[in-house]
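Engineer: Heads up, here are the entries from TrEMBL:
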- LYS13: active site (ACT_SITE)
- ASP138: active site (ACT_SITE)
- PRO96, MET97, GLY98, GLY99, GLY100, LEU101, GLY102, GLY103, GLY104, SER105, SER106: ATP binding site (BINDING)
- 68-146: domain 'GHMP kinase N-terminal' (DOMAIN)
- 200-261: domain 'GHMP kinase C-terminal' (DOMAIN)
Amino acid sequence: MNLVSLSLPAPAKLNLFLHVTGRRADGYHTLQTLFQFLDIADTLDFSVREDGQVLLCTDLPGVSMNDNLITRAAHLLQQHTNTRLGADITLHKRLPMGGGLGGGSSDAATTLVGLNHLWQTGLSGAELAALGLQLGADVPVFVLGQAAWAEGVGEQLTPVELDEPWYLVLVPDCHVSTAEIFSDQRLTRDTQAITLAAFREQGGRNDCLPVAEERYPAIRNALILLNNYCEAKMTGTGSCVFGAFPNEREADKVRARLPATLQSFVAHGCNRSPLHQMLNKDA
Ligand SMILES: C[C@](O)(CO)[C@H](O)COP(=O)(O)OP(=O)(O)OC[C@H]1O[C@@H](n2ccc(N)nc2=O)[C@H](O)[C@@H]1O
Ligand SMILES: Nc1ncnc2c1ncn2[C@@H]1O[C@H](COP(=O)(O)OP(=O)(O)OP(=O)(O)O)[C@@H](O)[C@H]1O
């Protein structure tokens with residue numbers, strides 16, 4: 001029997017480090033980063049429509065329907081496969097926007113993977129990742145669904161197995177635009193490329209952090225606060241700041257000491273994306 005509806009997670013990611021190694025002629029930056037997923041996610045509900053329309057039934061403040069990465073992903077897949085099918089899509093947004101957790105990119109990836117399933121359009125993971133890259137540099141890793149070492153603009157992915165700690169994530173009260181950080185004059189763009197082995201030995205840093213904390217005092221304050229308890233890092237171009245703990249209890253203990261006015265959450269790091277965990281369970 002053909003499936004007519006599906007409910008799927010669109011999880012968050014963390015960049016465990018982020019080196020900016022250069023800038024391409026088209027203005028995009030070349031990076032080295034390590035992606036790991038979190039078990040916190042938006043949820044997307046999909047129902048097939050026979051009339052070919054794509055309707056996003058949820059309004060996202062500040063994002064028009066046509067700009068929403070979910071609608072754009074659905075239209076891209078339709079155009080690429082010439083399917084006559086459409087979909088009603090409902091988004092349950094949980095991930096903070098402009099937080100460096102990749103929520104928009106993850107929504108786009110879940111749309112590509114979910115509709116490819118429902119519409120039976122039969123694209124491979126590699127084909128979906130290539131389509132996703134047209135929507136954003138972070139989309140391919142969410143399509144792949146495996147923690148990965150990334151190069152290029154984030155699309156050259158090598159799957160890796162990492163420790164899976166619990167993370168305490170602080171959500172500073174500011175919305176960071178990725179383009180704004182990458183276009184800042186002060187961003188250093190010449191970090192020497194390293195190997196995964198070198199990262200495992202010496203660690204890495206986030207080259208976007210000095211610019212982000214200069215522009216947003218709320219990020220600096222969150223880093224100072226979390227550094228009292230663990231090594232605090234920033235994901236992507238910010239704003240979220242995170243630290244790793246060996247278990248949920250330790251992370252919760254620190255969270256309980258934070259000011260109540262600061263938004264935060266505890267989540268488990270996972271090498272397999274919750275999206276792929278769910279799809280494989282149902283397979
Ligand atoms: C910083 C990261 O989150 C690390 O994972 C990603 O590289 C950002 O990926 P993303 O949010 O999917 O970004 P995109 O939507 O592709 O790009 C937003 C804007 O950021 C800048 N940008 C982004 C990625 C990149 N490697 N170099 C860039 O210069 C470009 O000006 C681009 O117009
Ligand atoms: N479905 C969506 N969910 C969130 N943001 C969306 C979506 N569609 C479009 N956007 C736009 O994308 C911008 C970035 O949102 P997102 O939540 O992905 O930020 P982010 O976590 O900082 O991403 P990244 O780490 O990939 O830069 C939003 O400010 C919004 O304008």
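Placement of Cβ uses the backbone N, Cα and C atoms for every residue, glycine included.
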Engineer: How does the domain 'GHMP kinase N-terminal' (68-146) divide up by DSSP, counting helix, then strand, then coil residues?
Structural biologist: 44 helix, 8 strand, 27 coil
Engineer: Under a criterion of Cβ-Cβ distance under 8 Å and sequence separation of at least 6, what residues of the same chain contact SER106 (ATP binding site)?
Structural biologist: ALA10, PRO11, ALA12, LYS13, ALA41, ASP42, LEU95, ASP138, PHE142, LEU275
Engineer: Using a 10 Å cut-off on CB atoms, tell me which of the binding-site residues GLY98, GLY102 is the least crowded.
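Structural biologist: Candidates: the binding-site residues GLY98, GLY102. Fewest Cβ atoms within 10 Å: GLY98.
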Engineer: What residues, ordered by sequence, lie under 8 A Cβ-to-Cβ from GLY104 (ATP binding site) and sit at least six positions away in the same chain?
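Structural biologist: Counting only residues 6 or more apart in sequence, the Cβ neighbours of GLY104 (ATP binding site) under 8 Å are LEU69, MET97, GLY136.
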Engineer: Just to confirm my parser: what is the rounded mean pLDDT across the domain 'GHMP kinase N-terminal' (68-146)?
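Structural biologist: Mean pLDDT, the domain 'GHMP kinase N-terminal' (68-146): 97.
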Engineer: For the recorded ATP site, enumerate neighbouring residues of the same chain (Cβ within 8 Å of the Cβ centroid of PRO96, MET97, GLY98, GLY99, GLY100, LEU101, GLY102, GLY103, GLY104, SER105, SER106, site residues themselves excluded), in sequence order.
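Structural biologist: Same chain, not in PRO96, MET97, GLY98, GLY99, GLY100, LEU101, GLY102, GLY103, GLY104, SER105, SER106, Cβ within 8 Å: ALA12, LEU95, GLY236.
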Engineer: Which recorded positions, if any, among LYS13, PRO96, GLY98 have a Cβ under 6 Å from ligand 1, given in order along the chain?
Structural biologist: none
Engineer: Relative to the Cβ position of PRO96 (ATP binding site), how many further Cβ atoms are located within 10 Å?
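Structural biologist: So the number of other Cβ atoms within 10 Å of PRO96 (ATP binding site) is 19.
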Engineer: Taking a cut-off of under 6 Å between Cβ and any atom of ligand 2, tell me which of the binding-site residues PRO96, GLY98, GLY102, SER106 pass.
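Structural biologist: Close enough to ligand 2 are GLY98, GLY102.
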Engineer: Please list the DSSP helix, strand and coil residue counts for the domain 'GHMP kinase C-terminal' (200-261).
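Structural biologist: Its residues divide into 31 helix, 8 strand, 23 coil.
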